[in-house]
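A quick write-up on the structure given underneath.
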Amino acid sequence: MANMEVSFTHLGNHLVSDSAAAIKAGGSDELSNIDPDENLLYGVYGGRGPRGNGRRRHDDDDNETEVLDDDDDESLASVPVDGMKSLKLDAPVEEKELPPHACAYCGIHSPSSVVKCLTCNKWFCSAKGSAFSSHIVNHLVRARHKEVQLHPESSLGDTVLECYNCGTKNVFILGFIPAKSDTVVVLLCRQPCGASTSTKDMSWDISRWQPLIEDRAFLNWLVTPPTDAEQLRARHLTPPMIAKLEEMWKEAPNATVADLEKTAGVDDDPHPVLLKYDDPYHYQNIFGPLVKMESDYDKKLKEAQSEDGLQVRWHLGLNSKHVASFILPKIESGDVKLAVGDEMRLKYKGELRPPWEGVGYVIKIPNNQSDEVEVELRKSANDKSVPTECTHNFSADYVWKATSYDRMQLAMKTFAVDEMSVSGYIFHKLLGHEVQVAPTKITMPKKFHVPGLPELNASQIAAIKQVLSNPLSLIQGPPGTGKTVTSATIIYHLAKMSNSQVLVCAPSNVAVDQLCERIHRTGLKVVRLTAKSREDVESSVSFLALHEQVRMNTTNKELDGLVKLKTETGELSSQDEKRFKQLTRQAEREILQNADVVCCTCVGAGDPRLSKMKFRNVLIDESTQSAEPECMIPLVLGCKQVVLVGDHKQLGPVIMNKKAAKAGLNQSLFERLVKLQFTPIRLKVQYRMHPCLSEFPSNMFYEGSLQNGVTAAERLRKDVDFPWPVPETPMMFWSNLGNEEISASGTSYLNRTEAANVEKIVTRFFKAGVKPADIGVITPYEGQRSYIVNTMQNTGTFKKESYREVEVASVDAFQGREKDFIVLSCVRSNENQGIGFLSDPRRLNVALTRAKYGLVIIGNPKVLCKHELWHHLLVHFKDKKCLVEGPLTNLQPSLLQFGRPRQAYRPQRSHTQHVASGPSNGRFAAPLTAGSVRDYETGSMVSYIPDDVSSIHSSALGGAALSSGYPAMFSNFHPEAWAGLPCAGPNGRPGAKGRGRATESIAGESVANSEFTDATSSVIGGKGIGQGGASLGAGLSEAIGSARPTSYSQSDRLKQYVESNGRMGVGNGYRRYDDDEKSVSTAFASQIGTGFD
């Protein structure tokens, strides 16, 4: 197989076979003759493969470089970039001078196996070594490069891979389509060209579009894998060495492998966080460097976010400030993360007027309605010079500020040097010391219900009693248990009983606003302190904001007069401005001192306006989403009574720097106290979900302790006509076997089959009368989020406005929120790459607990069931008869049988011991003991940042029709010249069809074969199967990819099924992929039609 030469001729953007017949003849038996060592599945289940050690680690990061994120310690992303202390370079036996086109990693230089990166001009090969990504794909992802060129001596010549229609060169969105009547392969981008309606009239079958990158490597017929002998002779770099080399190239592009030895002894890993600390200086010495690491990383990331050549639209905001609207391509590619309130600098460098620059704040980020960023410029003396008449030649820079990190460092310093910053008891508890609480006499309120809030249940009242009588309390609020109401009630009683102010904080502005609104209902005097940069951002509690209360305060006539003068004229004289600021500060102090409750973010608690104030009572909501130093900011303002509210079984803090996260900066103070056996008070009655939806999360994550405060009847929308498998149980897992693909950014994933079926489900809800605002679509991957948004807009049969109003976002964006109906798209569908983000139990817990009336999960159960947690979930759905497959109009119970997962899952119990109040369930295994808790990384992802450049601009490019005219040179080619080409019927006769007709799939409805399309072919993961005809996987891949090792992809399994007359046999010592032969055989038979021959 390795010696077989594959010859192609490159004609424009068509790839034409010169030796197809020889390929077909030589590759007929390759599937059964591959050595087990070459099988990618071999290492997954043990032996000498990369996963043979049996250990797993989840190492996601907020930059969403999920393509390099595996579940094993040998993967490229699971190893730190640094940590080179013990690295050794394994040089080849005979080191000699390598040609310029040698792989920059390993030195392999076979022309057919190397590819040139057009961004950095380095060459890389298709070898994988000990990782799961080929060297070229690994480099493209890590370096954020996307354009490549083949070697001049390769069979295709020095081809630059690009779309035949629009010319885009992003390899992550490029794929190929075989022509129906010509012996050519056409390269098209996934969107818009590969999905353009104008393509349907062409001689190309767009349902057969396949990506050029599969299994994290270029297709074998495009870039040949090196032989075993070449790999043995090559330089062997470990994944940490490759990661370090990529980092070196960012600073020194000409660095070589030899330069790695110079840094091999450097080990600058920070000291990990501890459970206990000797004193506050010890505490500061541990956390201080971690905060600095995160700060430096954030600064480097933000300062690299410069964007040139922008087109800007101008308009005046309601406050008469200039607003600039523009699209940032780097946001769409996932390289830039923006949030409302971030500061940006706009510059004009055109020729129509003198250079200009202005600074403003982000007031809008891309969402379903618009891909634009909106920046509101700050008022300045030269407002008239804003170039509103210009629209081109602008640039944008991110203005990085160290405010958040400086306040964390200052809080830790204050904790160390100021004895009055916290009480003695809190001081010792924060350091992890054993200390007895001093007995205090308090008079409990006669009734705990407060005006303006709902009645409390028994567990809420118990929590409030315990909080009021203890100086430090943790409240664990599982999903839907009313922790916001409980927190607001606690704040009311603390304010009334202690007759002192309460400081209320949370890590996000959204969480602060929600709690602030509830507290206001109780009648307490509340002030919402916001950052200066967010004063113009609309919120539900704007009327409570400090700056707004100052503006509305008319008791100070002088200040009122200056406010009106400034509003009318836009500016004040220097003397008036000085007096205005003085009077404003006085008014702010008065309002703050007279307030019962002050609400702000944790970082906002470090605002200088609060520096002179002392807060005896501090409550931090969503504290499990705050890094510990962030929580310290509000605590060092004199607290004597602290309440931390959160849920350590849901998502944790977002830490950008992997080394800092690995050292423990991603652990919240709440979690550390739990590990110190400080038992949280758990709220036990959930009011959100239908009881069938709360059963699994309760048993798996909360030891069966959750009780239902709502009945099944109260959470059943009988007015909604939806094909639930069990009408009284509004949940289902819809089996979809579509393959995952890499998104345009190269750092995320998408699944076209799942996206198409999400649209079908949303449309069905619309037709049943569900409002768009009541539907939420959750997906862990930004690539899928962007693709779903565009799929609904482009193919949805309902009103376009309705689809735009459906929120499509990441799990993180939905934490703390709820929708009537939730659709969860799992995306991951592969044989040996793992399931990435999905393996995080805390992320799954959040995703499963957002829906009130119904939950639909779309995923590939065959892949997901290999993970222990998902295995339990799938078995649960199957026991409830809610695991289904087939078209949405005719769902059938899945026949899938589950084997044992790779590792038995045990829910984390940490150090808390809660007695389960619900009935025991033998399906959910007993928790581990405290000493054997397994830790899971919970890296997070920022949502609402468009990723697929192509999908964002599909509206702009979609009108470009594909040329129907082939070059004249193709007139000599006929289908008979290539017997394996899918367009040729049996015996090479064009247009001939097999007997029988294709039936609808029961393996999840395909993209093409649905009630909303008129296409005659079905799709499994984008591989089209005509009525009785051969599939792309069974035809073209056999002809042009016979050298491909067995991967058990959809096409390979389909091919094996066809060739074995309907039997999915076990190949030469490989583990059989399908545990349930009947299910898969039935699925394939329905896709192909019974008359296939």
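Cβ coordinates are placed from backbone N, Cα and C, and glycine is handled just like the others.
Here Swiss-Prot has Q460, G480, T481, G482, K483, T484, Q650, Y687 binding ATP, and the candidate from E307, E818, E831 in that same listed site is E818. Counting in whole angstrom, T481 (ATP binding site) lies 49 from H135 (Zn(2+) 1 binding site) by their C-alpha atoms. When the binding-site residues C103, C117, C120, Q650, E818 are ranked by how far their Cα is from the Cα of C163 (Zn(2+) 3 binding site), C117 comes first. Comparing the binding-site residues H135, H139, H145, K483 on other C-beta atoms within 10 angstroms of each C-beta gives the minimum for H145.
H139 (Zn(2+) 2 binding site) carries a helical DSSP state (H, G or I). If you take the Cα of C189 (Zn(2+) 3 binding site) and the Cα of H139 (Zn(2+) 2 binding site), they are about 21 angstrom apart, rounded to a whole number. For the pair formed by C103 (Zn(2+) 1 binding site) and C117 (Zn(2+) 2 binding site), distance between Cα atoms is given as 11 Å, rounded to the nearest Å. Cα spacing between H145 (Zn(2+) 2 binding site) and C106 (Zn(2+) 1 binding site): 19 Å, rounded to the nearest whole number. For the binding-site residues C117, C120, C166, C193, counting C-beta atoms within 10 A of each C-beta gives the highest total at C193. Shown in sequence order, C125, A127, G129, H135, Q231, A234, R235, H236, L237 are the residues of the chain, 6+ apart in sequence, with a C-beta less than 8 angstroms from the C-beta of C106 (Zn(2+) 1 binding site). Cα distances from Q650 (ATP binding site) to the binding-site residues C117, C120, H139, C166, C193 are smallest for H139. In this structure, the C-alpha atom of H139 (Zn(2+) 2 binding site) lies 25 angstrom from that of C166 (Zn(2+) 3 binding site). Within the model, the region 'C3H' (103-135) shows a mean pLDDT value of 94, rounded to a whole number.
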